[in-house]
Amino acid sequence: MRKKECIAMLLAGGQGSRLGCLTRNIPKPAVSFAGKYRIIDFSLSNCSNSNIDTVGVLTQYKPFALNTYINMGSAWDLNCLNGGIHILPPFVGEAQGSWYKGTANAIYQNMDFINFYNPEYILILSGDHIYQMDYYEMLSCHKQKHAEVTLSAIAVPWEEASRFGVMVTDAGGRIIRFEEKPPRPESNLASMGVYIFNWDVLKEALLEDERDPQSDHDFGKNVLPRLLQQGRRLYSYLFHGYWRDVGTIESYYNANMEVLQEERVDKFFELKQRVFSNEEILAPQHLGERAKIHNSLIGNGCTILGEVRDSVIASGVYVGEGSLIEQSILLPNSEIYEDVRLHKTILGENAIVRAHCRIGDKREGNPPQEGITVIGDHLHIPEGTVISEGENVRKDTA
């Protein structure tokens, strides 16, 4: 038994079905973001920068790419001997074991791992948000208020509040009510999916939840409301920084485009600590004689022979002569051949678009700013193909 004050459990097994074909072969935390990162980089970097050196990463859906990317955790300085990073897939033991049935059940199935370190506090994280937070400051607040559970919270627009777990607090920040994704929210204070529990409180709550046959075994739906009913001390930790939930195609696209906006980019990059990634070491970008770049982010290892405008281009991408890329996101190692027009499109990893294609063509009658075209990873789009805006292409086109 190795005593740790606080360890982190990072939930990274979600399929991310709302991201469509972007998560056909990989889980949501492994999806590329802003040209050089994976979504999970932000939570792992937060742990490293907050001196939390023991992290359990709970994987489930198609985990190979994520496991390979994380490796031993050295990119985030989490390859230490006493602690470090641990990949925790579902397993079958003598008395228990199955696929994770919910966020709470995922932690329940790994109680032996937690008990090995015998922590006083447990930090529960989601691996699919873009933000930077000092978890140590949150833990200090948790201690000062003698809280049993602390939830990080952020004010969101009222029209978006129903997408989140929302809380009502008193003047001191103590949570009075909590409801997961209410149809008519009474607050716009949203849970960020970052929790600190006293381990003894969480252990008891998980055991009780597992005994309930009616439970969905979910923190937001079951565990937190039950703790409130029991009169436990739940507090909010108000976060004022940059935070984005990128769980839908629209939110993922918009968050990437924000990196290019002058009024947003300063806030995104005013990070107090570095965001680490396990990015492959590649040569610098190569720009051809006729290449034109305007307000775009170009990753390492790219070859750009055409024109790129208002776009995020990840590492290892090829754009051929005479091609025009506008308001698009090209994920790692994708290829665009000659004379291609790509508009407001997300092109998956290792996808290939042959010459003379027109992708994201405007449909008559659609309002402006609608219709993000998505091409799945490893797909081949034949020469001369026309794909209208808003289509979600999951398999090779004939």
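In case you wondered, yes, glycine gets a Cβ from its N, Cα and C as well.
Quantities reported herein were computed from a predicted structural model and do not represent experimental measurements.
Going by what Swiss-Prot states, the alpha-D-glucose 1-phosphate site holds Y100, G165, E180, K181, and the candidate of S187, S191 recorded there is S191.
Across the residues the record lists as binding alpha-D-glucose 1-phosphate (Y100, G165, E180, K181, S191), the two Cα atoms farthest apart are 22 Å from each other. DSSP classifies Y100 (alpha-D-glucose 1-phosphate binding site) as coil under the three-state reduction.
A C-beta separation below 8 Å, combined with a sequence spacing of at least six in one chain, links S191 (alpha-D-glucose 1-phosphate binding site) to L151, S152, A153, F164, G165, V166, M167, F178, G220.
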